[in-house]
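Peer 1: My structure is below; once you've seen it, I'll send some questions.
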């Protein structure tokens, strides 16, 4: 009957478990739901239920992700767990399940492993704001010093990727022992509560979409006789009021200023439009042919047009509907960035990488044929001949 107590008044956060295969991410997810179920804050979700992750589609890519939800005294969480390493990469690059924070799981028996590094690097590239560490399987290590060494190693890794390695909370426990325990006072279960306290207090509450600077990708343009030009789209973030000054950004380096003289939704006039709304904005003094799909309407000074950037791109496998063959420098696909569809060229690959194979994820430098409104952490799709061949996230803007 725990369901009755669920309240929606608490702040909501999206969290995920990351780390190397078999280090205990899924076991920990199950243990968290079991520990919080004792307090009436969750429904216990067993390991098998989490491990059978349903398929989801994001930007044309199939990803296996499990979502569980639970609460603490302070917050409501949606927790994501992916069964396979490739699913993590695809999820983080497509942003299918956005993370406000992550729990990095590292087995005391192994320490930092290749996928541990890769997940931390990805978390940095896609701007996961904060991380809490759970050193798992400490029941299987006799030597306390070994656990200390693993902690040092993890802190160094986090610092290397620009997370505050010295400040990050590190909790040591055993997900399996906590899962097998049968009372909330068990010391292993207490470690799970300690972990959730760290998540509650260390992972910052995300800025609400409505508090961010206004941005709306332009999908369509209409001309209304006697009134002017209306652009439509879904507001990505922020709020727009009638009378606000905005910029039209993208498709050239010239940024045009105008004023929104009307906002309408479902043919009704509004005083304001907020993040998530599909609206039409009437623009003062802008001709129908002076604005195009692929540009964005944005708060002045909040976003700029760019042509060249670095991105982490996941290249779809043949089985996922992607390419059958590798590609090299000079490859020219289409980049779908918000509503813009622009040809771009792969101008640089990492040192030692000659070609990119289907199934790889690689940091590459892209140069578009014309500038688009771009920012770090932004997602996009790579398409060729009408099919998605990759998904990417902008990791650095060059020019």
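Just so you know, glycine gets a Cβ as well, placed from its N, Cα and C.
As the structure is a computational prediction, the values presented were derived from the model and not from experiment.
What Swiss-Prot records for this protein is below:
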- 19-26, 81-85, 136-139: GTP binding site (BINDING)
- 26: Mg(2+) binding site (BINDING)
- 10-207: domain 'tr-type G' (DOMAIN)
- 19-26: region 'G1' (REGION)
- 60-64: region 'G2' (REGION)
- 81-84: region 'G3' (REGION)
- 136-139: region 'G4' (REGION)
Peer 1: Just to confirm: which same-chain residues, 6+ apart in sequence, have a Cβ under 8 Å from the Cβ of residue 82 (GTP binding site)?
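Peer 2: Long-range Cβ contacts: 16, 53, 63, 64, 65, 66, 88, 91.
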Peer 1: In the structure shown, which of the binding-site residues 19, 25, 85 has the fewest Cβ neighbours within 10 Å?
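Peer 2: Minimum Cβ neighbour count within 10 Å, taken over the binding-site residues 19, 25, 85, occurs at 85.
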Peer 1: Taking DSSP as the reference, which of helix, strand or coil describes residue 82 (GTP binding site)?
Peer 2: coil
Peer 1: Residues sitting near the region 'G2' (60-64): Cβ under 8 Å, six or more positions beyond its termini, same chain?
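Peer 2: Residues 53-54, 82-84, 87, 90-91, 94, 96, 314, 316, 320-321, 381, 387-388, 391.
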Peer 1: Which residues in the same chain, at least 6 apart in sequence, have a Cβ under 8 Å from the Cβ of residue 26 (Mg(2+) binding site)?
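Peer 2: In sequence order, 17, 47, 50, 51, 66, 81, 83 meet the Cβ cut-off.
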Peer 1: Using a 10 Å radius around its CB, how many other CB atoms surround residue 138 (GTP binding site)?
Peer 2: 21
Peer 1: Pop the mean pLDDT for the region 'G2' (60-64) in here, whole number is fine.
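Peer 2: Mean model confidence (pLDDT) across the region 'G2' (60-64) is 76.
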Peer 1: Using DSSP, what is the helix/strand/coil residue split across the region 'G1' (19-26)?
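Peer 2: Counting residues per DSSP class in the region 'G1' (19-26), I get 2 helix, 1 strand, 5 coil.
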Peer 1: Who sits close to residue 22 (GTP binding site): which same-chain residues at least 6 apart have their Cβ under 8 Å from its Cβ?
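Peer 2: For residue 22 (GTP binding site), the qualifying residues are 107.
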Peer 1: Could you give the number of helix, strand and coil residues in the region 'G2' (60-64) as assigned by DSSP?
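Peer 2: Computed counts for the region 'G2' (60-64) are 0 helix, 4 strand, 1 coil.
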